[in-house]
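Here is the structure we will look at.
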């Protein structure tokens, strides 16, 4: 095995099948088949389709002669090392001739050979010069906003610690100067400090500074980072184990590939997404086509003349006349959709209905048909069988003009395509009887209605983003013809991926001259792409209308326009429409994300009209938007003017609204969390949308316009979420989180992301609170111990406080707590908005927690100290000593912080109960084990204190004093200034209460228990009853009523005819018609 860095170009190498070459090499020879196929999923995270590579015909003549290959003496001149994976420019000079080398002649590092046993090649780049290594960069270390805030807070806490130590040092010096010098008889002054009072006080104060740095060091939360990582690790498993994000079709579950960004999922403001394979299924289906001014693919109801749209699931039939008129985009662009088409068409336009019961066509007569292929318009199949010349030319072009590779797998013909669109078109031609069979470097073989046709391949004019066309030049029976297909917006109103098809007969002389110029441009080392585009445009000159004009609508309402086209372009055959369906739940997910104030940008290569209509279909654009701004300029100055106009329009509208709004590709409103709006109603607040094309984006990202563009758009992305779909797993492997479908992103952010952020913020607030409450007890004790750095607690208690006594409850809070359930989190996406502004944990919340801990420590120390100072027990002995006081304060501290976390916990589980109440029991167990079994210094102190009523009185008073302000504060805010979370939580609890009451009512036995007849299963008498007598009113009379109503308790009745009245709470039954 060789290392890439040890290979020196040029060098002939042989690479075998399924081997990843460690370098970039130019292919010079391959074994049959003559076309080399490579898999590029390791170097392209969004592409898993196979790519075709082939050697030059001239080098292929060397065959399998190792001696000739070893003596190969060609000279390769190529570009310098770069990171462009889809571009290579070079020339081969061999035997006095120059040959063009492009990307099709090169196998890159990271590719894997598929359909050939081996191939020879010349090494071009190796080691760090390969394109794969040129694209590799340093791994970006990602930190959450909470991590950055914590780092700042920890620095502040360190300065706070130093300030406390400095204060204690100064106070100690003063105390030693005034009082401490009288203790010379009891302390070894001679060996430790100078004998003079001032010098001795100074030395002791300096020593006390470092002593208090050790005593008070627990205020710096060293264990915080360990607890944070444990919580994140556990939260990652909750994401992995969520069955509601499990995709059954592929057996793929959500996976957290990192444990450091969970809470960042609850603070997402912008989503950058690709369209194909992310929002869509990336499964292309041949949906419709237009041939010779006639459209195929729609199913027309013969009785109503309505267009029936086939859907996967049964839906209510709807008419497009009921769709509201969409807003008109600015800058001259118009939304293309069914609504406007019908308005232009006028009355009598067929409406569109939905049906899921329409049978698809039967292609079983075709031996090469694909069972999974679906098409519903029988008129196209009938035209094929009637040998319609235009239809046959149409499908013949689909079978010939492409770069698809056929592959025989177990006797079954399969296609491998660089683009799923090409695969769909070739597959459609195959099912209609035009089967693409074989390909070689110089020929293409198809089978037309069972007849074999072989075409000589002269040239392939490959597709690029400038021309937006792809052509092939073929010869058969002496006839030279160019087949071309190019982008068009024929079905843009339906959001379909479209191509126009055309043919052109060529003259031999013209083609030979053109071929010569093409060869010169192909071997050029300067501006090769531009020269080739000019050459391609020359031969496609009569087809330049492709990609620039419109063929019409599927219902043949513009047949006159198409006829005009055909008059101008006799070679124009028609157009195809490929559908890439949206994934299930995408519109609902995007709508909910928009309500959560998350802005979304989608990248798509579709035309502007297609992109706008796709935006409407997936709820990226809505009819309630104030405006849609189009940025479509082609120059720097024009883009700047459009961005300025966009910004001013937004500001003018924002001034008219009650709160400022922002701009994005989707609508969003001000924070519902802060407004506290009624959760029973869903308001549609108008927003904006921005659509920008590729030409304008290049100028918008210019350094001079970048700030202006970001002002009206977004910031950079931070978290990567990969979707494991048709593109393979490379995107997933490079992501932080992976899901199987886009709709799971809604749950990942609105449920797990929000929960993680909520839990982490509550955990941090409590952690700082308990640390300050614990540590500052030493500070208060310093005023009564002469600032001698004496601790108030047992050293063992100080060591295990964060580890044994308070770690489990706070971990349970950070892992399991939730304010509202997942159902309500999705029902009210506005709950997500606090994360955008860091409302749940910020500097203000930290100061509030620190002050709360400060107050708690003060009360914790002063009340027990005041109780036990100079206290005497009923038996006459003194209660106050240092060890007893320390044990009492420590016990109350554990009880108080446990009570506090019990109040902080909103969602109780078995684990929470075990962790919270178990920690209190665990404290007493450890205290007993340490003091009596191990023999601690404080042995007997706690047990002696617990024998006196003073201890229990002090504990109750201290807990009440500390908990009442917390409860009053929370009741005030929940009742007077409730947040949206408080409102939703209240609604959730009321719903749970009603559910339990309903279940109790259903479980309540009937008060009327009659003996069932043995002979009958129904409850009516076998003889005629007293119905007539009762209805006659002869036996009815009113009884005298006392002051109050009679009340007969249930189940206390004398017989079947007794009645009773039952008093039930209001709202116990939703339906009281029959109890």
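Glycine too: its Cβ is placed from the backbone N, Cα and C atoms.
Because TrEMBL annotations are produced automatically, they should be read as predictions rather than curated entries.
The shown structure was predicted, so the numbers you read here are calculated from the model rather than taken from an experiment.
Annotation source TrEMBL lists transmembrane segment at 149-178 (among others).
Residues annotated as transmembrane segment in TrEMBL: 198-226 (among others). Through the fold, the transmembrane segment (198-226) approaches residues 150, 154, 157-158, 160-162, 164-166, 168-170, 172-174, 176-177, 180-181, 189, 192, 764, 767-768, 771-772, 774-776, 778-779, 782, 787-789, 791, 798, 801-803, 807 of its own chain, all at least 6 residues removed from its boundaries and within a Cβ separation under 8 Å.
Summarising the annotation, TrEMBL assigns ATP binding site to 274, 275, 276, 422, 463, 485, 497, 604, 605, 606. The DSSP secondary structure for residue 274 (ATP binding site) is strand.
As annotated by TrEMBL, Mg(2+) binding site applies to 274, 276. All chains included, 17 other C-beta atoms sit within 10 angstroms of the C-beta of residue 274 (ATP binding site).
Residues annotated as active site, 4-aspartylphosphate intermediate in TrEMBL: 274.
Confidence over the domain 'P-type ATPase C-terminal' (732-978), given as mean pLDDT on the 0 to 100 scale, stands at 91. According to TrEMBL, the domain 'P-type ATPase C-terminal' annotation covers 732-978.
The transmembrane segment feature in TrEMBL is assigned to 763-784 (among others).
Look at TrEMBL and you will find 796-816 (among others) tagged as transmembrane segment. Remote same-chain partners of the transmembrane segment (796-816), defined as residues 6 or more beyond its termini with a Cβ less than 8 Å from a stretch Cβ, comprise 218, 223, 227, 230-231, 234-235, 238, 759-760, 762-763, 766-767, 770-771, 774, 886, 890, 894, 897-898, 901, 904-905, 907, 909, 911-912, 915-916, 918-919, 922-923, 926, 930, 936.
What TrEMBL lists as transmembrane segment is 846-863 (among others).
Marked as transmembrane segment by TrEMBL: 883-903 (among others). Sequence-distant contacts of the transmembrane segment (883-903), counting only residues of its own chain at least 6 positions beyond either end whose CB sits under 8 Å from a CB of the stretch, comprise 766, 769-770, 773-774, 777, 791-794, 797, 805-806, 809-810, 813, 856, 860-861, 864-865, 868, 916-917, 919-920, 923, 927, 937-938, 941-942, 944-945, 951, 954-955, 958-959, 962-963, 966-967, 970.
The transmembrane segment feature in TrEMBL is assigned to 910-930 (among others).
Positions annotated as transmembrane segment by TrEMBL: 950-973 (among others). Within the chain carrying the transmembrane segment (950-973), a Cβ under 8 angstroms from the stretch's Cβ atoms is held by residues 855-856, 859-860, 863-864, 867-868, 871, 873, 879, 888, 891-892, 895-896, 899-900, 903, 979, 982, all 6 or more beyond its ends.
Residues near residue 605 (ATP binding site) in space but far in sequence (CB under 8 A, at least 6 apart, same chain), listed by position: 276, 465. Cβ neighbours within 10 Å of residue 276 (ATP binding site), excluding its own Cβ and spanning all shown chains: 21. Fewest Cβ neighbours within 10 Å among the binding-site residues 463, 497: this applies to 463.
Those residues noted as binding ATP (274, 275, 276, 422, 463, 485, 497, 604, 605, 606) have their most widely separated CA atoms at a distance of 25 Å. Long-range neighbours of the transmembrane segment (149-178) within the same chain, counting only residues 6 or more positions beyond its ends whose Cβ lies under 8 Å from a Cβ of the stretch, are 197-198, 200-202, 204-206, 208-210, 212-213, 216-217, 219-221, 224, 764, 779, 782, 786-789, 838, 841-843, 846.
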